[in-house]
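Per Swiss-Prot, the features are as follows:
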type: COMPBIAS; residues: 1-11; note: compositional bias 'Low complexity'
type: REGION; residues: 1-29; note: region 'Disordered'
type: REPEAT; residues: 33-126; note: repeat 'Solcar 1'
type: REPEAT; residues: 139-221; note: repeat 'Solcar 2'
type: REPEAT; residues: 237-321; note: repeat 'Solcar 3'
type: TRANSMEM; residues: 33-49; note: transmembrane segment
type: TRANSMEM; residues: 107-123; note: transmembrane segment
type: TRANSMEM; residues: 141-162; note: transmembrane segment
type: TRANSMEM; residues: 196-212; note: transmembrane segment
type: TRANSMEM; residues: 244-260; note: transmembrane segment
type: TRANSMEM; residues: 293-313; note: transmembrane segment
């Protein structure tokens, strides 16, 4: 009797436990949390990019703005400026010289890269909105490119004023980020901070399309050449593949959009009102034709590989840590 009772109680408990397990709804991802994760990961990637690539970017900007006629000339000028400093050693002053104007990208890097990677995630959702349920989750090359282009639209609102101040700092003797921003606003109003926005979007729209698509394609190809993990196990981040794919993405983008970046830099460094057409004509006539649109290409490409390798490594490792610690 007691044995039957205990058995029935045991089976009842098992049934209740089973029914509770079956009725428990699956844990859904929190959109707000996912957005925050995208912002944080993008910001980490951006900080990595700035510290890796800023010296190359400084040289590129000086070549594009006509302050140096070659990479060697730009480097020589920076070292000469360091020699004129009274305080500090030549080495420390040279390091400071190569990181001149680093504050604007550092201040703007978190929102720029956060918005960019968040925008890419939003873009992926938009381009796959009409996909059939149960179909493949993999994006086509066209969908990747479209999502990348979409990411550039909100990013331009942050990128344009930040790069405007950065270019002014790198090409003049304005003391600090705040001082340069104040001078720009004083001379031309708030709208002056957004000078070159159209050129920025013209660069970053197709540039981001190529950037994200080439990264995804390169990473997927490189990963496909590696032995697969056991089913059900999360694959660790392959640092080499991520860095190679990130470097390829950066170089592909800069090769494609470099002439537009030269026009943008010319517009943002100018103290007079110009449009893209007049800036293009001026560059063509004064800098020897087509080659005038490619000054500083060497340092830009030298910068793009390590900087973008660092960007995507920072993003991927941050997402990996989020997953590892259940964030």
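Even glycines carry a Cβ here, placed using N, Cα and C.
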For the transmembrane segment (244-260), sequence-distant contacts whose Cβ falls under 8 Å of one of its Cβ atoms, 6 or more beyond its ends: 199, 202-204, 206-208, 210-212, 214-216, 218-219, 222, 293-294, 297, 300-301, 304-313
Helix-strand-coil residue split for the repeat 'Solcar 1' (33-126), DSSP-based: 78 helix, 0 strand, 16 coil
Residue distribution over DSSP helix, strand and coil in the repeat 'Solcar 3' (237-321): 72 helix, 0 strand, 13 coil
Secondary structure content of the repeat 'Solcar 2' (139-221), with strand meaning DSSP E or B: 73 helix, 0 strand, 10 coil
